[in-house]
Amino acid sequence: MRTTEESEGFDGEASNTSMISGASSPYQPTTEPVHSRNVLGGIRCDMEYLKSYFGILKAVEVVLSLIGFICIETIMMCSPCGGVYFFEFVSCSAFVVTGVLLFIFSLNLHTKVPHVNWSLTDLVNTAASTFFFFLSSLVLACINHNTGAEIAALIFGFLVTCVYGVNTYLAVRRWRRGNGSQGVAQTSEYIRARTASRGEMEARPELG
């Protein structure tokens, strides 16, 4: 009987000791709730962007590029066809790229990828589209057969070139304004850091 009681006493002391050591141990098992990231939760239609200059210009660019592409696709016979193929490629590429950017900006998807410089991306797209639409329209004006489809594609090509040009001008202004504010923020942060370090140096007691 005594052996049983002693063993039970030892077991109780061992359990108490383990509980105390477990409570005082700095290495405690932690369980943190895992939050599922809902990436698509913040998607909404940004009506303010669609009503802004950039949203309206992008919508017009998409429509005019599509109309120009449809006009050039109705041409059945051409010789030479270099100008037609060049305009077809430019109008289709501009329609796809600008349409994707319009979709991204109108649904605020660019906020999900903040490490991409979207202002610079938009600027590069509008500048390249302006240049290539002007060049392809100029080539088509020099090499055409005066058909109705070619003339219609030529008109829409120069129209969308003007729209892309205006968009490029506004994109350059926005990009410069963003870089200027970023430079001012970096300069103020540098001055604040220098001031803080100088204050720490002055606060240190001199060793004598």
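These residue numbers are counts, starting from 1, taken along the chain as shown.
Note that Cβ sites are derived from N, Cα and C of the backbone, with glycine treated the same way.
According to TrEMBL, the compositional bias 'Acidic residues' annotation covers 1-11. The region 'Disordered' annotation in TrEMBL covers 1-33. According to TrEMBL, the compositional bias 'Polar residues' annotation covers 14-33. Residues annotated as domain 'MARVEL' in TrEMBL: 49-176. Annotated transmembrane segment per TrEMBL: 53-72, 84-107, 127-144, 151-172, in sequence order.
Over the domain 'MARVEL' (49-176), the average per-residue pLDDT in this prediction is 93. In terms of DSSP helix, strand and coil, the domain 'MARVEL' (49-176) has 107 helix, 0 strand, 21 coil.
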